[in-house]
Amino acid sequence: MAEAHPAPVLELAGIVKTFPGTRALDGVRLELHAGEVTALIGENGAGKSTVVKCMTGIYQTDGGEIRMDGKAIAFPTPQAAAAAGVTAIHQETVLFDDLTVAENIFLGHAPRGRFGLIDKAAMRRKAAAILGGIGAEIDPDVLLRDLGIASKHLVAISRALSIDARVVIMDEPTAALSHKEIEELYDLVDELKRQGKAILFISHKFDEIFRIADRYTVFRDGQFVGQGLMSETSETELVRMMVGRSVEQIFPKRAPRIGPELLRVTGYSHPTEFEDIGFSLREGEILGFYGLVGAGRSEFMQALIGLTKPSKGVVRMGEKVMAIRSPAEAIEAGIVYVPEDRGKQGAITQLPIFQNVTLPSLAQTSKNGFLRMAEEFRLAREYTQRLDLRAASLDTPVGALSGGNQQKVVIAKWLATRPRVIILDEPTKGIDIGSKAAVHDFMSELAGEGLSVIMVSSEIPEILGMSDRVIVMREGRIAAELEGDGLTPETLVRHAAGISTAEAA
Amino acid sequence: MSILKHRETLLVAVIAALLALIASRFPGFVTPRNLAAVFTDTAPLMILALGQMAVILTRCIDLSVAANLALTGMTVALLNTVAPDLPVVVTLVLAIGLGAVMGAVNGILVWKLEIPSIVVTLGTMTIFRGIIFLISDGQWVNAHEMSAGFTGFPRIEILGLPVLAWIAILAIAVMALVMSRTVLGRAIFAAGSNPHAAAYTGIDVGRTQFAAFVISGALAGLTGYLWIARYAVAYVDIAGGFELDVVAACVIGGISIAGGVGTVAGAVLGALFLGVIKNALPVVDVSPFWQLAISGAAILIAVAFNARAGRRQGRVILKSAEQAA
């Protein structure tokens, strides 16, 4: 295995990173070698982004050691990491549209001339040399906004090279690229390897990992699972390491009482985001929507509730064809959507609890455009009590509540509309394990009362533990519908990542 | 909530302190009669600030209010020259309606074309002023051309206060009711506090902004008639630059330019603060040019105060989040 090789350039050993209520990294290790690509593999929430942030000085580790060339080193700031030659190219490139390519490459460390002014000529010359070195035909003087996404990536990479990077981290660099652009990126990675850079490559796409990586490291739930050479492993083995088996016991066991079909969606399409989405949903059912980030799940849900307009598609509830053109009409039809980013899209923190709870139900709690306060308080009291929300008063602004209680306000708000279908988008993202269990219990309780639940989730244990049936989306389309014995971690990952089923058999 | 209440009490205290200071040298300024005169003089600013408040709460701004006022005023003045016997009620309805239509133009552009409101109203402000020139040929409409009923109405005294003051009180009462007791008022707060979240709950943020512009326009139209009648003159540049006083009154009154935070009481007190300063400076023999510097300083102090209040709130959230974890 790796022993034959010289010592790694950058080595992480026993890294621990905790956040209130969670342990994001639990003694992970990672080794990066000069002139080699190491793929970091793991499900969402495995700790991949956290470890990148620890390596680039954005987070401080709570334990463990980072070694460079065998010597312990610390990255108290992003600048320190950059000075040590560690640089990251992010999923969404952090660049400036209104600056030129050369300015983007040298922002913060531009060559200086007399009087400390920026030496533009030198900057342009050096930028052209770096761009030329990676075979990019980009004029250093054009504005970044005039470039395509692939060229922007090249600029980001050039910026990484301009600080004489020894370690280059690429976080899902191909997520937004076309097929041809991806090939060009592979060539570039090969070029970086030849220059002796140690590369960390994060990707969910297995074909890509096998095409480009020399080594792999697998994380699961913030822990190190294994590492090795790509030439000595297989897709099946990597998938097995990624998904593991354990966590099932924390999910509430329930005997679903699934009723007749309540909702049927056919041929929902959007010009750019998703195509031909169709499924049915029965009373009391929890339907999971699984997929990689960016598979179009949230986009579809937002279209379903009328927030964005689909180009075509039909929604039926029972025999009735519904025309849902706005969230207000969706609420009236009994379909509510609890968005993923509850900070930004959920509670209105300046308004008091009772006003938040009644906001989507104002049609019920008002008469001729006038609010009926007594009715509002009654509704708010009923649903906050039901969710066991303890606050001094319903007049308290939601912003003064803890995160968990804000979450309860958001859920109370939607339940108060007495929906028939509730769509929960990543219901447990970013909350601690105790609260997660509470959300899961609550979800089964709702389904037990005959409510139909659509749960969008990127966490495999949650999808497996909660769903009666799962729809897997990939690149804006339905890749598979799984239930019963067909619903396993392996099938989920394969369909979501688009691995050929031939090898699975 | 306590911070908001605190802010308004603070403003009341500041105004009271200001009056006490002036009274210590010029007791005549604080007689009930003079205070009523100050209130009446500030009435147009208060009415406009109420409309502006609704617009600012939805994260927009209406720079066209003064031009709307001037155009409506000129229109009803011209109408009065040709139909002097038109009942005042009809004039009032026309002024409010015309103002509302102009507000609706702003609102439609913001709602349907999603143009930033500062750009829209900067444009319509210029257009409205241009239209005044076109319909009046650049001519003034003077006192002798207007009928006595037309110019006299705002000055009729009821229970010791002129109609102008009573209309301001009525506007305050109606807006207080709209903001606290109607679905529209709730939607205005929600859409301004967190437009994303509001959209998910079925509130049409664009339509709410449209409604706020219509309110602002209607109140500007109403003020247009009252202004022209009170000063008994109409010309192209009337109330030029007054929109900035209106925005200043809102900001001083604690209405957050970031949207979602503010009260009717705040808008009224902000306007009164400026009104007291404007009326007091000539009395204490200070150059009126100081008024500009003082209201400018008041704006900065108010904004700094708002920013501090916001920061303090942020710390509180973190603390309770820590305790929960």
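Any Cβ shown, glycine's included, is placed from N, Cα and C.
Taken verbatim from TrEMBL:
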- B:35-58: transmembrane segment (TRANSMEM)
- B:65-83: transmembrane segment (TRANSMEM)
- B:89-111: transmembrane segment (TRANSMEM)
- B:118-136: transmembrane segment (TRANSMEM)
- B:156-178: transmembrane segment (TRANSMEM)
- B:183-203: transmembrane segment (TRANSMEM)
- B:209-232: transmembrane segment (TRANSMEM)
- B:244-277: transmembrane segment (TRANSMEM)
- B:289-309: transmembrane segment (TRANSMEM)
CB contact flag for the transmembrane segment (B:89-111) and the transmembrane segment (B:289-309), at least three pairs under 8 A: no
Tertiary contacts of the transmembrane segment (B:183-203), as residues 6+ beyond its ends and Cβ separation under 8 Å: 54, 56-59, 209, 211-212, 259-261
Within-chain partners of the transmembrane segment (B:289-309) [C-beta distance under 8 Å, separation at least 6 from its ends]: 3, 7, 10, 245, 248, 251-254, 256-257, 261, 270, 273-274, 277-278, 281
The transmembrane segment (B:118-136) versus listed stretches B:35-58, B:65-83, B:156-178, B:209-232, B:244-277: most Cβ pairs under 8 Å: B:65-83
Stretch-level contact, the transmembrane segment (B:65-83) and the transmembrane segment (B:156-178), CB cutoff 8 A, at least 3 pairs: no
Leading stretch by Cβ pairs under 8 Å, where the reference is the transmembrane segment (B:209-232) and the options are B:35-58, B:156-178, B:244-277: B:35-58
